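> Below are the features I grabbed from TrEMBL:
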type	residues	note
DOMAIN	103-159	domain 'Potassium channel'
DOMAIN	294-364	domain 'Potassium channel'
TRANSMEM	21-45	transmembrane segment
TRANSMEM	104-123	transmembrane segment
TRANSMEM	135-153	transmembrane segment
TRANSMEM	286-306	transmembrane segment
TRANSMEM	318-336	transmembrane segment
TRANSMEM	342-363	transmembrane segment
Amino acid sequence: MASTAQPLRGKRACKKIFWAVFPHACFILSLVIYAFLGALMFSHIEGNRKVNLSEEYRKFLQSLWHISRNLSDNMTENEEIFKDKIHKLLNTAERDWFVNPKDIWTFFGSLFFCCTVFTTVGYGNTYPVTRTGKYLCMLYALFGIPLMFLVLTDMGDILATVLSKSYNEFKKLQSKILASKLCSGSTCNKGNELKSRAQTKVVINEPLTIMELIKSQAGVKRKQIKYRNAEIFEMLIARENEHTKPERSKSIERWSSCPELARGKTMCRVIENFDKIGKQLEKFDVPIVLMVLVIFVYISCAAAILPNWETRLDFQEAFYFCFITLTTIGFGDTQLEHPKFFLFFSLYIIIGMEIVFIAFKLGQDRLIGLYKKVISFCGEKKMPSKKVYPK
């Protein structure tokens, strides 16, 4: 029997872990599938569009030909004028005149575009041109942005739990080190022995029976055995109100013998896990300086790795690019030569946005607390002083 019980316990433990991880995996998988579907859609629509050379393109080529023909042999005299004219002329050019749409809207290029849409980064380097692509982009962002924020909130709970536990463990370790330095060895050992003895004597029996509840009352202990019915009834009602829980049928308590009831219980637990999203993030409380340090270290690690495949970026430019990306500003002034490699860096982007999101939430709470203190301080100053009249 013991040999068969261990595999059953292992299976039950695996099932519990699976259903606990299921909501988080569901959100991430939904976002990945949504990004892949968007990449297929935009690569088909924008990549297969026909490029029509407009009248503006013909005028551009004509002006360029006139500038090159009127350029004199003496390059030193007309160099500044030539640069100025070429600069103005190139500003009027459109990128579609010189680039094939299929080269931009590949699967990885479209996937990169979808990531910039639902993360609200929006570099502006790649954008839809056709009307159908623009309408689908608005519809895609309408459903993609809430899904992304849902993933951010869910992952934020996990990161908030990890950071808060790490910070609390660090504080406990710091307090233990300070306590060991302050107190002497003999007194601490005696105190620990007394605490351990006191802890061994404490026994909590829950739930209490009716007679134990009645006897535990201070006003009833010294009474005789004959209690008044009214007092007993009031105590029972108070006991019931304190520990009221939704009644569960006996069939659900025996869920291990019925797979249908077991499935219902696991579904209830999964639904409870969905309802707990965002709760840990509301309880998160660590120093804001610590979060700023975490963001700095996180961006610095990426800024040291990114120049390995983006040769035009140094550490400072990569740090600037990562900060603009994680804060979803996305100017688009820094263009990537290999966005395909950066897509594999998408997990870094999502986790980084989580950290920045937590830092912004923490800063928001601190700012609200500061406003409350200022308003209460100003209110106390403006309150009229109470006049004391002689009796």
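Glycine too: its Cβ is placed from the backbone N, Cα and C atoms.
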> Under DSSP, the domain 'Potassium channel' (294-364) has how many residues in helix, strand and coil?
51 helix, 0 strand, 20 coil
> So are the transmembrane segment (342-363) and the transmembrane segment (21-45) touching or not, going by 3+ C-beta pairs under 8 A with a sequence gap of 6 or more?
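By the criterion, they do not touch.
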> Pairs 6 or more apart in sequence, C-beta under 8 angstroms, 3 or more of them: is that satisfied by the transmembrane segment (286-306) and the transmembrane segment (318-336)?
yes
